[in-house]
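Before any comments, here is the structure.
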């Protein structure tokens, strides 16, 4: 059934725009250049406002998710990477449930990737329509059909650009993937801004700076009671404070520490005697994929809940999914869930919120740990990183595990890889929850994504350096 499904969509995949694989090896300097160009295009799109919108000042239901989804309110990057990640989530669940079967051949993998791209474009159109029709840019009846269509076209073209930029890097022209690059850039930008923002906010205590570090020096300079000034700088509510910054640095350090956890399986060459090596199985075997897919799941649930609550406010089933309230204190207007399923799947705002509503905290912990472990374990089956796939790769390289025949390698790898995937996903979820409870800037999920992505780029850089010979050869 799976192959028939992939064959069915093959004609549609043929008309999709595609980046061709490079015909030659791309040098490191060229990869850096293409990565920089990709990032520049993304940042420019983040600053270009959508033409035709009447207003983008309404409460933002996706405020908490924008950092993770690399989206920017009211701009071409309104949707961010959400369509790509959502299509990946859908295809993974379909493949994991054996509704579609993905073979080991390059043809099947190419069809699977094409189907993912096709779904990404369909989801882009769907999300654009939902955003416009729910009144995020003004009343659709007042804007008119022409303006609504124009906004949808802009969002679709921007979504297509993101898809192609991601494919450009994944095909080998740049470093890493577009999704990772955009997420890390957005999160790091948010952390730096929350630490050093010169924007002033009027609070009940007077005018304060948004940036935590600037606010610290401002409060010390303007308050006569220095102890009280320090207390305000460390514990102030609704604005970034020094404790949030310390929690962020602490989570960075913890995640980097866990990145080094791995099991090295001894392997040897089947062709040359005396040639030994190791195959590392990391604790974070599937890296940040579980948390990205979990974020996509929650963000789409938010979209559906917000759309239904706008149209059918007061309906029992809609309220069961989520009820929303607006908040404007300490920043831009944002909508947040106050009851229903969406509320229990959203992170508590602080450790104080955990104590106020322990049931909310408990459900959130179970959801985060369970979903991350599930996504991590199912991802290895569709991404070519299962025990069977690894054994096949080792066999192609004429490597075998020491003390095991080729036929028993899959069984031995099965002892480690599924466990590492599930436990690694569990740890990813646990670290994200810890960061949320500590109040880290950019959300626990955001911090975790930033660290894992930066670490991935560090590993890519080291790999390129070893291939080129020296850092001097890399840069000059």
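The backbone N, Cα and C atoms fix where each Cβ goes, glycine too.
According to Swiss-Prot:
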TOPO_DOM  2-33  topological domain 'Cytoplasmic'
TRANSMEM  34-53  transmembrane segment
TOPO_DOM  54-76  topological domain 'Lumenal'
TRANSMEM  77-96  transmembrane segment
TOPO_DOM  97-117  topological domain 'Cytoplasmic'
TRANSMEM  118-138  transmembrane segment
TOPO_DOM  139-144  topological domain 'Lumenal'
TRANSMEM  145-165  transmembrane segment
TOPO_DOM  166-172  topological domain 'Cytoplasmic'
TRANSMEM  173-193  transmembrane segment
TOPO_DOM  194-240  topological domain 'Lumenal'
TRANSMEM  241-261  transmembrane segment
TOPO_DOM  262-288  topological domain 'Cytoplasmic'
TRANSMEM  289-309  transmembrane segment
TOPO_DOM  310-354  topological domain 'Lumenal'
TRANSMEM  355-375  transmembrane segment
TOPO_DOM  376-420  topological domain 'Cytoplasmic'
TRANSMEM  421-441  transmembrane segment
TOPO_DOM  442-445  topological domain 'Lumenal'
TRANSMEM  446-462  transmembrane segment
TOPO_DOM  463-476  topological domain 'Cytoplasmic'
Using a Cβ-Cβ cut-off of under 8 Å, list the residues of the same chain that are 6+ residues beyond the ends of the transmembrane segment (421-441) and lie near it.
190-191, 194-195, 212, 240, 243-245, 247-248, 250-251, 254-255, 258, 282-286, 288, 290-291, 294, 347-351, 354, 361, 364-365, 368-377, 379-380, 447-448
Express the predicted model's confidence over the topological domain 'Lumenal' (139-144) as a mean pLDDT, rounded to an integer.
84
Given a Cβ distance threshold of under 8 angstroms, which distant residues of the chain, six or more beyond its ends, lie next to the transmembrane segment (173-193)?
19, 22, 26, 30-32, 34-35, 38-39, 42-43, 66-70, 80-81, 84-85, 162, 165-167, 211, 248, 288, 292, 441-442, 446-447, 449-450, 453-454, 456-457, 460-461
Mind tallying the topological domain 'Cytoplasmic' (2-33) by DSSP state, helix then strand then coil?
19 helix, 0 strand, 13 coil
Does the structure show the transmembrane segment (241-261) and the transmembrane segment (34-53) touching, where I'm treating 3 or more Cβ pairs under 8 angstroms (sequence separation 6 or more) as a contact?
no
Among 77-96, 145-165, 355-375, point out the range having the most Cβ pairs under 8 angstroms from the transmembrane segment (34-53).
145-165
So which residues does the topological domain 'Cytoplasmic' (2-33) touch in its own chain, when a touch means Cβ under 8 Å and the partner is 6 or more beyond its ends?
95, 98-103, 108, 111-112, 114-115, 117-118, 121, 160, 164, 167-168, 171-175, 464, 468, 474-475
Taking residues 6+ outside the transmembrane segment (355-375), which of them lie with a CB under 8 Å of any CB in it?
92, 286, 289-291, 293-294, 297, 343-348, 422-423, 425-426, 428-430, 432-433, 437
May I ask for the residues of the chain that lie six or more residues beyond the topological domain 'Cytoplasmic' (262-288) and have a Cβ under 8 Å from a Cβ within it?
180, 375-376, 379-380, 383, 385, 390, 394, 398-403, 406, 412-413, 416-417, 420-421, 423-425, 427-428, 448-449, 452-453, 456
